[in-house]
Amino acid sequence: MSVTVRFAPSPTGYLHIGNARTALLNWLFARRHGGRFILRLDDTDTERSRPEFADAIVEDLAWLGIVPDLIVRQSERRDIHDAAADRLRGLDRLYPCYETPEELERRRKRQLARHQPPVYDRAARSLTDADRAAFEAEGRQPHWRFLLEDRAVTWDDLCRGAQHYAAGSLSDPVLIRGDGSYLYTLPSVADDADLGVTHVIRGEDHVTNTAVQIEIFEALGATPPVFAHHNLLVAAGGEGLSKRTGALSLRSLRADGYEPMAVASLAVLIGSSESVQPVASLDALAGIVALDKLSRAPATFDPAELVGLNHRLVTDLPYDAVAGRLDEMGIGGGEAFWLAVRPNLDKVSDALDWWRRVEGPVAAPITGEDRAFLETAAGLLPADPWPDDVYASWVGAVKRETGRSGKALFRPLRLALTGVEHGPELKAMLPLIGREKAILRLTGKG
Ligand code: GLU
């Protein structure tokens, strides 16, 4: 059977880098196995789900390079969820309960006081038709619990290895609320079964749902998918990431000028046995990332690491990859400018500052003896058109004429020409600045 994976965010906020980790691990796995990637929007929580967040998810995934083969919305699949619930009812695996939260809490406390595990006691299983009718006459609507089998559930997790859960030690989970709405558990299984999902790759915060979900798959007559629960990504202070806070959202990283491949590389390589490195394409990343290389401990996101990765990636970007963006920023100078400045950039957008320094005007704090030195240097600039090695021949002449060398030679030249003490090689900058502007700057006229 060919591989089918799904990424199933709820559209209740913008995707953050931790969501990107899950999405990418799915996408890269599908890539590696020639499989399909489904985006399932878990939008059954009508109060918190928003269409604009759903659109943003599609857009942010596309920015990362993920284009789903299929997009489905759970809100449009109610029939499938209802059919699954009916099937479970027919098998007597879904039963109505009428306890109020207060009643359940009282019972739980009593169990704890007696040193018993606080597991739902299945009292509702012994209700008669008359009891149920009486509750409903009181206006109570039932919530529905799934009857777990008293057995061990095992699975071979692609991240965590062999897993073993004694489902008998869990409470029968509520699948349908009193108002008739579904909790996440059943629709997720019904959709995975219906869409032929072969691998469920998700964060380890879902590991506790898995034994129950495996039982539901089996009760529905479906083969459970293979599961992989990856370690979570946490912020530097150790706190988890949340869609609701907007922290480290893909949007904000994009607005801050990070390259999608820097974000993608970091999102999947931290917390793994692979070294964190900038990888140029998702295809290349698919060859490196493997679920069994992820570590078990949470992965800590360090913003400084993202800056470093972005810098390394930008330093290697060919002109073709950025020409359109440079153009949009009003940056000229073509390939020569790009090759000159890229080693000095953390972000592509930093190129704008260097372009302004090429275009001028440039204000340089030149004082004292340097004034006369620079006047001399200006007089030694060769006539147009300049040869390719104009910088070397000019600096050679300035050195001979003034007797200066080292810092005393280069610092004032750089400062006068670019306005700052450090930056791209002057050899590459001088031809971009051109003779006319160079003379003005060296003579203190702009
Ligand atoms: N909507 C769920 C979530 O965002 C999906 C979990 C799953 O992948 O099964 O946590």
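Each residue, glycine too, has its Cβ placed from N, Cα and C.
TrEMBL assigns the feature motif ''HIGH' region' to residues 9-19, out of the candidate ranges 9-19, 108-118, 196-206.
Matching 100-104, 140-144, 240-244, 365-369 against TrEMBL, the residues noted as motif ''KMSKS' region' span 240-244.
Other Cβ atoms within 10 Å of the Cβ of K243 (ATP binding site), summed over all protein chains shown, number 20. The average pLDDT computed for the domain 'Aminoacyl-tRNA synthetase class I anticodon-binding' (369-442) is 96. Following the DSSP three-state reduction, the secondary structure of K243 (ATP binding site) is coil.
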